[in-house]
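Annotated features in TrEMBL:
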DOMAIN    2-42  domain 'BZIP'
COILED    7-48  coiled coil
REGION    51-74  region 'Disordered'
COMPBIAS  65-74  compositional bias 'Polar residues'
């Protein structure tokens, strides 16, 4: 009887974890799609800015942002 109860408890745990895994996968997919959309929007805005004010004006802030990001990693 005790082993049967343990088995049922483990089955319930497996089901709960499978449901959580499914939810996390869905959320990861949603976030990945949102990230892709933001990246596309960012690229579009950079292209528009490059056409408006020139490539050097866009490149310089990118280099500054990368430098700041690298400093934060140290």
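Glycine is treated like the rest: Cβ placed from N, Cα and C.
Here the compositional bias 'Polar residues' (65-74) is broken down by DSSP into helix, strand and coil counts: 9 helix, 0 strand, 1 coil. Taken through DSSP, the domain 'BZIP' (2-42) splits into 41 helix, 0 strand, 0 coil. If you take every residue in the coiled coil (7-48) and average the pLDDT, you get 97.
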